[in-house]
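Annotation comment: TrEMBL describes 262-348 as domain 'Transglutaminase-like'. Marked as active site by TrEMBL: C270, H322, D345. According to TrEMBL, the Ca(2+) binding site annotation covers N385, D387, E433, E438.
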Amino acid sequence: MSRVSLEIARWDLECEFNNTDHRTELNGVEQLIVRRGQPFTINLHLRSGEYQPGGSALNLTVETGPQPSDQYGTRASFGLTDQIDTSRWSAAVTSPPGYMVSLSICSPPDAPIGRWRLTLGQGGLVEFVLLYNPWCTGDVVYMDSEEKLMEYVLAQDGIIFRGSWKYLIPTPWNFGQFEDGILEACLRILEMNPKCLRNPGKDASGRKNPIYVSRVLSAMVNCNDDKGVLLGRWTDDYDGGVSPLSWKGSVEILRNWDTNACQPVRFGQCWVFAAVACSVSRALGIPCRVVTNYNSAHDTNSNLVIERYVDENGQVVQKNYHCWVENWMTRPDLKPGFDGWQAMDPTPQEKSEGVYCCGPIPLKAIKEGELTYKYDAPFVFAEVNADVHTFMKHKDGTTEKIISSVQVGLKISTKSVGSDRREDITHLYKYPEGSDEEREAFTKANHQNKLLQQQENAGLLIAIKVSAEMRKGCDFDVFAVVTNNTPNGKKCRLVFGSRAVSYNGILGENCGFKDLLNVALAPGEGQLKRVPLRMNYSKYAENLTEDNLIRLAALLLDYGTREAYLAVRNVVLENPEIKVRILGEPKENRKLAAEITLQNPLPVPLQNCCFTVEGSNLTGGQIITEKLNSTVEPGQDAKVKIYFTPTHSGQRKLVVDFDSNKLCHVKGYRNVIIGK
């Protein structure tokens, strides 16, 4: 018996039901947004006749990209079957015979992501967005923990760690991947990438693979080779844009790029590049997290050795930290055992295959020293393992090696699942120092410098100690501590200096300096000399960068042996706390107030004070700005009240930034639990 084609009068995409079922409802319910490998439902209303099992036919075609092809998985034609086949494009009727047909449609778990067109029979054309599905066991981004999926896919805010390895600063960030227009911007990033512009058909097919998409995102979040999202700037000149520290989230950045003809947003630095990449990855369905590597190294000549030079005052350029992201996926292109977290770095540092991008590379490959694995393993390995050699450059141009203990790759950090606490993930990148496993990894990586390094018990030791509290606006002491472990008395010169420094190691002006030409050290085991250096607010105030960092360097010259010893330490001056008090009971779709307060800790008045506030599903995707007309005297409070209407239940972050003439980009936040 021949089948009769169904004549469709109209259809209902059931966006609210489908989007909720596919965990995309926070994007809105105006368009159909589903995840691959999982069925979705469309209700068809027939023009005439009834649907009869076995007697009715419907041909469906799905296409993505400008050059759809069955061969490359960007086009498929299929009819009705008795039940859904989740391994390929398929459709089945789930309703009883009648004038209304409930049609269940499923994509394969390796279908390319992006915008799709669905043709129903002879006339109906449906458009929908298909995303990765980390809840689907057949998807290569599958993650088997609901708690981790809540954190790494659905969480719209988080914490990024900045500061220094001795003083980590948790900084709130609004990822905002479900805010209005953000998914459209993320899809446009894929469409504007050079690979798509050169060969759109091949690029559309490549989007089935999160390895390919992660590499595209790594290149497109920066604008060095393309119409990417962000322009980097690592000086204090932000003319034509804003300081990277002014950003509180990714939403404004992505919207600015999307609505301004894909012109790069000015400006970003590493944590901003990483945060935007995290927002885009989560929006597309790839589990993602931002990580921070303290004392990060940059190997420019691929020999795993970093050579740094100091002047005769001991000042040195050294990066404080660097941020990148990790995306979760399997790696079928590598031998078994390298699935899971993959490092991917969107900050433009070195070219990879001719483009400023980096990764993805399995963390396990870094840990095991497998530097031939794709992609960019040597560069990431060096960031956490490079050997640092320090040389003093004299005024006459000559250099000499000096003794200095520098560790690379410390306290690699990310936000914990389900809380704002720090999770230390250093063990995922490297084995414990000195272990057999570490030696084996270095042998594989041909890291001979580390293997040959001997732990020397130096006769002279120098270290820098700091005060317990170092708040911006206060005077405080720091100390150079010299230890003589030799049986002989020593006469030395001690140069102890401090300079403002940016997070990526660019040195600013002097904040305090001491040069002692005749330091006498008594002989004997552990004989100490403690030399203080006073840090006065009046001296450092005008020299500090927005990072609130001061680099301390103590250089000890032994007159007898002509050997030089160096200690370097970065200190972070603590900003005042921003206090956020929620007034009333937080409820979905009910107006709410918050009182925000900051006490002026400086000995000078604050002028041009301004609070800016944003939060996913709290402030309607907008930034709330409140300016103070009055001057805030020392010890007084800057205080504002803001109003907002939460749109969804659950825990959300209200992210706050305070700015003024003397106190810039102070960050704060408050977790708000919204009831239904």
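All positions are counted from 1 along the displayed chain.
Cβ atoms are placed via backbone N, Cα and C, with glycine included.
TrEMBL labels come from automatic prediction, so no person has curated them.
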Shortest C-alpha distance to N385 (Ca(2+) binding site) - which of the active-site residues C270, H322, D345: H322
Candidates C270, H322, D345 (active-site residues) - the one closest to E433 (Ca(2+) binding site) by CA: H322
Integer Å distance between the CA atoms belonging to H322 (active site) and E438 (Ca(2+) binding site): 23
D387 (Ca(2+) binding site) CB neighbourhood, other CB atoms within 10 A: 22
Least surrounded among the recorded positions, given as D345, E433, E438, when other CB atoms within 10 Å are counted: E433
Rounded inter-Cα distance in Å - D345 (active site), C270 (active site): 9
For the recorded positions C270, H322, N385, the one whose C-beta sees the most other C-beta atoms within 10 angstroms: C270
Alpha-carbon spacing, H322 (active site) to C270 (active site), which is rounded to whole Å: 6
Nearest-integer angstrom distance between the alpha carbons (Cα) of C270 (active site) and D387 (Ca(2+) binding site): 22
